[in-house]
Structures are given as structure tokens and as C-alpha cells.
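Below is one structure; the comments refer to it alone.
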Amino acid sequence: MKLIVLERDGVLCSPVEEPTGGVAAWQALPGALEAAARLHHAGYRVALALELSGLGRGLFDMGSVQAMHAQILGRLAALGGRIDAIFFCPHAPEDDCDCAFPSGGLFRDLVERYALEPEDVNVVSSTERHAQAAAAAGLRVHGVWHADGAAPIDATRFDSLEAVVNHLLAATGR
Ligand SMILES: [Zn+2]
């Protein structure tokens, strides 16, 4: 089984600022949903991993998160794509949990649930925290860096999810 784990904001959707966390308004990044659909067609299971500390801090509720995710899934389904699962940390910083980035707990849990080896799981990150968490759990990180800053970890740098997908599918002959 092939699994790829995407950061939501900055990979599928435009990066958004707290406190809404993108719940109120979101925009798909150009070509991102199409690229995710191609992964599904190529036999990948596609999961999301993200932090929703705004839940723990009371800035938004689960209903608005689910409404946003339903919109993303609906847009993706219209392209023939699918998100297999959405993993998230709902805790506030003071909860001191193991699943908040840059700790690797969320990714370790995800790998365990799919019964895969960490190094067999591809991750697409757009933020340093996400990339560090995935790397801490031993997953293979591909970076989509929008900011002008340097790539924070030793990850291959791409301009978009589409570029990552082109790379992965070319490597596997699909
Ligand atoms: Zn957490």
C-alpha cells in the first residue's frame, strides 16, 4: 500500500492565518486538488496531517472544521480524488501533548494505524513545524516552500504539490 500524507494549508490550500485557521475561508492552491486526484488514481492513499490548536484554544469549533473539510473533499471528489483520512492535533500549546508539531507523535500514530514502515511513507510539508514532525517520525519529507526562507530541513524542495506528484509518479513509472 502506498501512502502519502499532505499538510493541508500551504500544500492543498492557501496558507491561512490564525485565528480562523482557514476555517472561514479557504482557497485551493492552483493545481493542488488535481494533483491530489492524480495520486489517488495512481494507487496512493492520501491522508492529511495538520494542527488545529485553535480547537484547543476555543478559536473555532469542530463543526466549522468539518464544514471546511467537507468542502475540500467535495471539490476533490468532483475531480475523482479522495482523502483517506485526516489526522490532526486538537490541543492547545499548554496541553503539552505529543501530537503537536514539531513532535513526531501524530505521524507515528498515523504510520502505526496503516501498519507501514515510516520510511515508506511520503509526506508533503509546507511549514518547518510539519516537516520537522514528519522527519522526527522517520517519514520521507518533500517540501513545498512558498516563503522566501530556506528549506528548514534536509528535504527536496518543490514549488507545488503538482511538482511533487510529477516527481513521485515519474519515479514509479506511472
Ligand atoms: Zn496534540
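Glycine is no exception: its Cβ is also placed from the backbone N, Cα and C atoms.
With a 10 A radius on its CB, D9 (Mg(2+) binding site) counts 20 other CB atoms from all the protein chains. Sequence annotations record features per position, and here TrEMBL assigns Mg(2+) binding site to D9.
Around the Cβ of C97 (Zn(2+) binding site), 16 further Cβ atoms fall within 10 Å across all displayed protein chains. The Zn(2+) binding site feature in TrEMBL is assigned to C89, H91, C97, C99.
Same-chain residues that are not part of C89, H91, C97, C99 yet have a Cβ within 8 Å of the Cβ center of the Zn(2+) site turn out to be E51, G56, P90, D95, D98, A100, G105, L106. A separation of roughly 14 Å, to the nearest angstrom, links the Cα atoms of C89 (Zn(2+) binding site) and D9 (Mg(2+) binding site). For C99 (Zn(2+) binding site), the Cβ neighbour count at a 10 Å cut-off comes to 21, with all displayed protein chains included. Across the structure, C97 (Zn(2+) binding site) and D9 (Mg(2+) binding site) are spaced 21 Å apart at their Cα atoms. C99 (Zn(2+) binding site) sits 18 Å from D9 (Mg(2+) binding site), counting Cα to Cα.
In this view, the densest Cβ surroundings among the binding-site residues C89, H91 belong to C89, judged by other Cβ atoms lying within 10 Å.
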